[in-house]
Amino acid sequence: MNAKEFLIELLKFKSVTPNDDGALNFIAMELSDFEAFFIEKEGIKNLLLTKKFKDEGEHLAFGGHVDVVPAGEGWSNNAFAPVEKEGFIYARGAQDMKSGVAAFVDAAKNADFKGARLSLILTSDEEGEAIYGTKAVLEWMQERDMLPDYAVVAEPTCVKKIGDSIKIGRRGSINGKLLIRGKQGHVAYPEKCINPVHDFAPVLKLLAGFDLDPGSAEFSPSKIVITDIRGGMGVCNVTPNDLKLMFNVRNSPDTSLEDVKSYVEKICHGLNYELELKQSSEAFLTNIDNKIVQKMNESVQKITHEVPELNTKGGTSDARYFAKYGVKVVEFGVCNDRIHAIDERVSIEEFEKLCLVFKDLIENF
């Protein structure tokens with residue numbers, strides 16, 4: 001089947017995270033001349049497809065996920081019965097990211113690779129906890145001395161048109177929970193209470209929206225963003241016993257968890273508080289002079305006639321795991337204007353260009 005037909009079939013699998021619904025087997029059958037390793041961890045299914053072309057040379061990999069978020073209500077059609085209409089294919093996962101997977105499967109099948117090894121790393125655990133997916137496959141590959149030198153993760157990176165954006169890194173994510181203790185009491189006797197809301201009020205303006213670093217050419221500043229704040233019992237005559245606050249920092253490599261801890265401790269000095277911090281993902285950056293960045297840039301410009309912005313915008317992705325294992329990685333895919341949305345769709349023209357970009361990259365790497 002051709003690339004579009006393959007994508008339509010792939011979109012029919014109801015692969016709501018972490019269930020692959022048979023999609024991984026379907027992909028393995030399409031690339032029957034690749035070695036297939038089904039790697040399962042804690043019930044999560046993953047697939048490594050790999051093909052050796054020669055003994056010496058570079059190992060290029062593509063990464064992606066077949067799992068999707070739930071469709072929800074309000075779709076014009078069944079979210080897992082793809083509809084082709086006015087140049088688009090409508091289905092859950094059309095942009096995020098079965099189009100990317102279908103594109104690199106088609107490229108791997110048809111391109112003439114001159115390197116040593118070509119691999120496809122696929123998981124059904126990216127939209128959920130993302131602990132036993134790509135990370136588990138890379139761990140498996142490391143144990144067998146099979147880690148790739150370079151990788152492309154086919155997440156939907158483009159904003160307005162195919163070719164306008166390549167991700168060369170991602171910010172990390174630090175989650176914070178802050179508890180300010182007080183002493184509950186009657187509102188008519190404030191002198192007998194310790195009101196944590198009043199105590200914390202001067203600190204709030206030092207926390208909310210604060211930039212922990214000035215940013216750089218590649219990264220925006222690491223900003224503290226408050227996501228939840230609550231205290232009290234929902235009544236007007238009792239002061240709160242405590243105040244609970246949650247926040248997130250999308251951090252660049254210039255700001256660490258210890259930097260966040262140090263700043264919060266400084267501004268909360270004198271308060272009775274508890275602070276809990278967790279790094280849920282780590283920042284990374286692939287140098288713009290690296291071969292994978294240069295070659296991807298060349299292929300994108302050649303096929304799309306666009307000059308892509310090389311950036312680190314947006315949330316996190318499985319590319320962080322490649323970087324953690326020392327693999328030089330970039331991300332490139334279709335536009336992301338309808339990811340996780342009702343009536344998610346992908347432009348057929350964009351998808352066809354993506355297939356050509358990946359094919360050109362493989363052949364000229």
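Every residue gets a Cβ built from N, Cα and C, even glycine.
What Swiss-Prot records for Asp67 is active site. Within its own chain, Asp67 (active site) has Ser15, Val16, Thr17, Pro18, Asn19, Asp20, Thr123, Ser124, Asp125, Glu126, Glu127, Gly128 as residues 6 or more apart in sequence whose C-beta sits under 8 angstroms from its own.
DSSP assigns Glu126 (active site, proton acceptor) to coil, not to a helix or a strand. According to Swiss-Prot, the feature active site, proton acceptor maps to Glu126, an assignment based on sequence analysis.
Annotation source Swiss-Prot lists Zn(2+) 1 binding site at His65, Asp96, Glu155, citing sequence analysis. Following the DSSP three-state reduction, the secondary structure of His65 (Zn(2+) 1 binding site) is strand. For His65 (Zn(2+) 1 binding site), the same-chain residues 6+ apart in sequence whose C-beta sits under 8 angstroms from its C-beta are Met97, Val101, Leu122, Thr123, Ser124, Asp125, Glu126, Glu127, Gly133, Thr134, Asp318.
If you look up Swiss-Prot, you'll see Asp96, Glu127, His340 marked as Zn(2+) 2 binding site, on the strength of sequence analysis. Cβ neighbour count for His340 (Zn(2+) 2 binding site) (all protein chains, 10 Å cutoff from its Cβ): 15. According to DSSP, His340 (Zn(2+) 2 binding site) is assigned to coil rather than to any helix or strand.
Neighbours of Glu155 (Zn(2+) 1 binding site), defined as other CB atoms within 10 A of its CB across all chains, total 26. Least crowded of the binding-site residues (Asp96, Glu127), judged by neighbouring Cβ atoms within 10 Å of its own Cβ: Glu127.
In this structure the C-alpha atoms belonging to Asp96 (Zn(2+) 1 binding site) and His340 (Zn(2+) 2 binding site) are separated by 7 Å.
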